[in-house]
Amino acid sequence: MKTSVMDLKVEPMDIDFDQPPPLQVFAHTSTLHGISHIFSYEKITAKCCLWVVFFLSSLTFLMYVCIDRIQFYLEYPHVTKLDEITTPVMVFPAVTICNLNSIRFSRITRNDLYHAGELLALLNSRHEVREAHLVEESVMEVLKSKTDFRSFKPRHFNMWEFYNRTGHDIKDMLLSCQFRGSPCRPEDFSVVFTRYGKCYTFNSGETGPPRVSVKGGMGNGLEIMLDIQQDEYLPVWGESDESSFEAGIKVQIHSQDEPPFIDQLGFGVAPGFQTFVSCQEQRLVYLPAPWGSCKSTPPSSDYFRAYSISACRTDCETRYLVENCNCRMVHMPGDAPYCTPVLYKECAHPALDFLVETDSDYCSCETPCNITRYSKELSFVKIPSKASVKYLAKKYSKSEKYITENVMVLDVFFEALNYETIEQRKAYEVAGLLGDIGGQMGLFIGASILTILELFDYLYEVMKYRLCRCSNKKHHNNNNNTDHNAVFSLDDVNCHVSKFH
């Protein structure tokens, strides 16, 4: 019987890959303008070359405009918006006042003179009265009794206690006080220490919610009459940081979240005048980097709950003095020891003056992103008038000369119940950049985002087709090399099987 032959040869599988349409077909179906005239079915003509020039020129202009827009975006420009908003109620600002004389002469004791007499420029290094020929007789008598140190045993001296005890008392300075027509008291002023010593803040917000104004104009804010007590001023026989050539008070109007920085930001008010301060609240909003340079992170200070330039400066000055003098001044926060009078004179005052005037790099305080400040307009009238001086002298049991030299009135009020907003805004964002680029794409080459997707889709199909064809050819060649003789007869199979029986 003739055996049959079974052909067991394995043929490679032929995979059919979809070939992408020709470039001419894609060009005539694409939404990209102009390429249908470039990739045409006809031979290359002058018309085709012109379309190539037009298309490449448009593409060049498009790239130029896109680069310009991207560069403008990377400059992170901003615009400033100014607006005025009316409101029925406004929080009244904090008002800090400081007498320009920080130490009352009558409150100085023998122990004070022993420790701080040289700092106050009253005594020399030998504990003797300086410039005795300039001293008035009444002052000299007081100094003689207090500078007899022959049997004196000095006691402990603390600068904070000294400033607190000898500073002007608001109960003695405040002759009258009204807020929105209602009387206010010395207890409505909280004590705060500054470089001027013991100062006072009205409406600080520390003991309760801050007071508000419901109407603008004079008589709807704070009106105080003060006695600056010039007879308590330290006699000046030389220049020192603790003595003042001026008479009056320093005033700062600020928000409740901002500590007073009155030696740098305050304005002066002189005796013998009524000073009207018309305020308008300004709310400033700045942008952080890269559009601006404001500080948007929480404060790193251990002493202040909110970041402000005043808080940053105070914190920085404190660190500077602790590092250079190993102590702090009375108005500075923290737990470092207070400077002694010797350190005040030899280290603290010179170091702080140097920091304020020259070393601006050490205290680099960024602008906060949100600021509340108050613009001010000041006007003055003479007080007292000839008609009122006798009445005031009788009312307060003072001489007419004393009233003229010491009494002043400060009137702080809102101009109107509105506030001004000054806000920085991003001038060019991602949406604007995409809109400009999309508009230019439509103008120059008639393209959109979907057109770009069409191009990528066609390129993807072409790349996939070429890669798959290349892979299939390699696979076909490998199969031909390894399976060149895979054909067996049925007799060979039977012979192979019989060996196992």
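Residue numbering: from 1, along the chain as shown.
Cβ atoms are placed via backbone N, Cα and C, with glycine included.
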Cysteine of C184, C199 paired with C177 via disulfide, per Swiss-Prot: C184
Range among 38-54, 55-71, 89-105 that Swiss-Prot annotates as transmembrane segment: 55-71
Site from N370, N480 that Swiss-Prot describes as N-linked glycosylation site, others unannotated there: N370
Among C294, C347, C363, cysteine joined to C325 by disulfide in Swiss-Prot: C347
Local confidence of the topological domain 'Extracellular' (72-429) - pLDDT mean: 91
Candidates C325, C347, C369, namely the disulfide-bonded residues, that fall within 10 Å of C339 (disulfide bond) by Cα distance: C325, C347
Those recorded positions, out of N164, C177, C184, C199, N370, that come within 10 angstroms of C363 (disulfide bond) at the Cα: none
DSSP three-state assignment (helix, strand or coil) for C325 (disulfide bond): helix
Using Cα positions only, nearest of the recorded positions to C325 (disulfide bond) (E84, C184, C199, C316): C316
